[in-house]
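K.L.:
The structure is given below, and queries will be raised subsequently.
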């Protein structure tokens, strides 16, 4: 007789308790078909998390297959903990982005902190040492106190974990819109470096080999976290605080160092982080990839308190844990290592040749499931989409008050400086950060070499909402340009797809079209997708977030020498590269003046992005450019002001654009600051002005002449978010 009191198989079926765990009637019937019998309580729990949207991608898998995943530099693509890309000299960069949206909505500090911890372990499980962290965040409008609380909690959680574990946070983006009220987006990215011959895989093979658990003792925190992440947020979500995990960065640091030492042991067969769905996903996925069976003895699992049932053990998402498979007879070598690092560890099972996933507790069987169907036969749903109707009318931008519009855009929290927030992150730990958070992609030196890794994380929402296909292309191209702007060669990307409920036709169509656009851009820009994550059901009280694909992209700088002189000075000339058109659909200007973002915009020319990018990268590496900035949200005037304020330099420029075009967000444009005495010889390059010692932002077109003190601009730009957070409390 079981020592744990749980519903019987019959009760589960008759009362449809499986629905509370996330399985539909059809999915339950499929489980019965696979097992040839009714599942017990633990088995239902296991199937429910493995077949959740978060783990199985059952609504998005068809779209993910269209992404290019191979390329000249790709060593390992999707399917493992993170992607691996060659950077020469037998070295590789390892990277991935993950979402922690739902947990952060309920417990912002812990939700964000554990998101950072989880993505770090993904990188470490491949065998790489993390070199930097990035994040992409979305919140509702900052005039709402709840959004202020979420922002403060998330930023504190990111800084608290990253700073303690000793990994710099070097880049990110934060945007604000009412569509994220109650449903913030917290996407965390980690980048690491590894030698080719040290790359690990999450596989369980070799009959008789042992399974070792290491890390924090298992508790009841995070149970059904994967299922929670696959649901819409409702008023009842607050009651699911137990589904939010609790992080411990100090144990995380020990686990990271112990893992990086363990991968040097030849006797290590496979390793995987216990992330979403905890012990269930890590163990069953390792068995599936190894074509093996597993027998886990759950009475051997280290637990935080007595009485934790097999169901709770398998579904717990206690943080800071890894699962290893090691050669039989070498267990003590690994246990001694973990003991040295003051970590709990235990041998909890072995690899079998049965192709079954068997769980016992005190020799009583609590689950007996065929491995492959559990891991690989989750249902895939292809639904019906519905095209959105676009507003083809034209807004009137002929009577813009340039100065008033400029100040309002500069102070909008989405555009305003995030300096106050980023200063809570340790940006320099490890002493390899070359370019810190600010205007550009981050650059981190590869220790012991002249190489560096440039990384950026960029999301797009309004444009994807307006025209999903074009918006999908746009978000990939934006990341590409940000790497070009520091002289890096873009190599590959990771993505996080944040959308509402795919069961709503319009949102499903957004997913179809935007991923098609992203795929097209990846192919033309030669940036294959090597890892990623999908987060659906981002809705609060029936209102969906904007469709928000986020792209993390890495690039290689073979020799960082040119970066010593990559800083603008007075006397340097300013060039605008690219044509400025009347592109206002989806722009900050449209939102500011009309409160909506429902107008079409010009398509993006990907071939032009490639040719232009090569020329600008060459100008940077040849020492011609002292700074390059992509023209982004808010348009040309705002971009120029940010450069002036960031570097405390005056600027004088004459712009051949209309008043409205000062704020146009035409894609594919760069501001290139050229060193005094040099010339930028590039098609579409127009010299528009120069930098000055005089602290004056002096910009004009044929209609308006603007003169502002740089210090005033800087105060408005840097003080906007601080003012929101202090005056609204």
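Keep in mind that glycine also has a Cβ here, set from the backbone N, Cα and C atoms.
Just so it is clear, the model here is predicted, and its values are computed rather than measured.
Okay, these came from Swiss-Prot:
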ACT_SITE  54  active site
ACT_SITE  100  active site, proton acceptor
BINDING   57, 96, 495, 532  ATP binding site
BINDING   98, 533  Mg(2+) 1 binding site
BINDING   99, 100, 101, 102, 121, 245, 317, 318, 319, 535  substrate binding site
BINDING   122, 273  Mg(2+) 2 binding site
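Neighbours and distances for these, please.
P.N.:
Within 10 Å of the C-beta of residue 54 (active site) we count 27 further C-beta atoms, all protein chains included.
Look at residue 100 (active site, proton acceptor): DSSP puts it in coil.
The Cβ of residue 532 (ATP binding site) has 25 other Cβ atoms within 10 Å, all protein chains considered.
Around residue 533 (Mg(2+) 1 binding site), a 10 Å sphere centred on its CB holds 22 further CB atoms from the protein chains shown.
Within the same chain, residues at least six positions away from residue 319 (substrate binding site) with a Cβ under 8 Å of its Cβ are 114, 117, 118, 215, 216, 221, 222, 245, 246, 247, 248, 252.
Following the DSSP three-state reduction, the secondary structure of residue 273 (Mg(2+) 2 binding site) is strand. Around residue 273 (Mg(2+) 2 binding site), the same-chain residues at least 6 positions away in sequence with a Cβ under 8 Å from its Cβ are 81, 118, 121, 122, 124, 125, 282, 321, 322, 323.
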K.L.:
Please report how many Å separate the Cα atom of residue 101 (substrate binding site) from that of residue 54 (active site), as a whole number.
P.N.:
11
K.L.:
Using a 10 Å radius around its CB, how many other CB atoms surround residue 101 (substrate binding site)?
P.N.:
25
K.L.:
Restricting to the same chain and to sequence separations of six or more, state which residues have a Cβ under 8 Å from that of residue 57 (ATP binding site).
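P.N.:
Same-chain residues close to residue 57 (ATP binding site) (Cβ under 8 Å, separated by 6 or more) are 64, 534.
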K.L.:
Among the recorded positions 54, 98, 317, report those whose Cα falls within 10 Å of that of residue 532 (ATP binding site); none is a fine answer.
P.N.:
98
K.L.:
Indicate the candidate from 98, 317, 495 with the smallest number of other Cβ atoms within 10 Å of its Cβ, considering only these binding-site residues.
P.N.:
98
K.L.:
Let me make sure I understand the structure: which of the recorded positions listed (96, 100) has the fewest other Cβ atoms within 10 A of its Cβ?
P.N.:
96
